[in-house]
């Protein structure tokens, strides 16, 4: 039996549930799938109960780190969603920092019985650092709170916390409901789940497609073809490339070099254009073999710049994950692996942080010995003698 064809007619959006342990993230995920299956039956909308989401996380490898996540899919009248729910707090942290699950937006689940808790704060901070710009709040377990004023207080507290981390705390949507009651079939609470999904549909913008973004192609290999010029090969990260396009070669060297594309090839065949995801060879006019190397990127002119200093949000592998056995201190100098190459850099720890233990996550300042094409949201690994000891994401460019 052939698998059903993936329907591209609806825009696809990636979302997830975030929030403190036991506030109801997985129950809400189950409630969304179940209520949508009841209200908008389709081959995509299949009810998933708590146990099936909780018990069957997939182990994903990303940058040498194992991450457990549960994925469900569902659709509303206007969109198709992939929804990610990570079982443990450490899985969330790793997931967000490694970019394993890129979320276009997220539902922050807060139990009305507790209000914001330490991991609520941490997940909001992580969302800010890794560039999840759109959060919707679901105040869960409202059926267990009799006092209307208490609910108002909790909502105010959540909004203040979001504003503290530069989210539009006063304006973003807050939905009050009960995931468990909705799962049990209480129509009042089912209606609230539908209201939540309408809000997700309207509040989280449709993501820009990778092909619409400016060209970025990390160079993996370089060779010269006698009489034709220099070819750089790699997988197009985003954007498109066509013959006669003007491009820039960015990173590692002090000077950014401009060139013109004279040919695009894939599997030895000429292409009119290469698209995001394609493995291509790009023939470049006016570029000598020694003027381009692995670790640089080919990019749309002006779209990305080389930098040596940035702030990063990093997760340091624990000993059990194959990481370091000992902490590191200020001015630790590992290699930073960006896309296709290692560059040595030094780490400055935040004021008041004396050392970083294996298994910690921390904000660091990095200074690289060579400039690399980076921007907010670029992910990297931290390596020591070829093995991964950490993973991170650029949260702010400094110089």
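Indices start at 1 and increase along the chain as displayed.
Glycine is treated like the rest: Cβ placed from N, Cα and C.
Note that the coordinates shown come from a computational prediction; the quantities given were computed from them, not determined experimentally.
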Looking at 54-58, 59-63, 64-68, I want to know which stretch Swiss-Prot calls region 'G2'. 64-68
Swiss-Prot feature region 'G4', matched against 140-143, 144-147, 148-151, maps to 140-143
When Swiss-Prot marks a stretch as region 'G3', which of 85-88, 89-92, 93-96, 97-100 is it? 85-88
Per Swiss-Prot record, range annotated region 'G1' [choices 3-10, 11-18, 19-26]: 19-26
Stretch-averaged pLDDT - the region 'G2' (64-68): 76
Under a three-state reading of DSSP, tell me whether residue 19 (GTP binding site) is helix, strand or coil. strand
Does DSSP give residue 89 (GTP binding site) helix, strand or coil? helix
Taking every protein chain shown into account, which of the binding-site residues 25, 89 has the largest tally of Cβ atoms within 10 Å of its Cβ? 25
Inter-residue Cα distance where the pair is residue 26 (Mg(2+) binding site) and residue 86 (GTP binding site), in Å: 8
Three-state secondary structure, residue 142 (GTP binding site) (per DSSP): helix
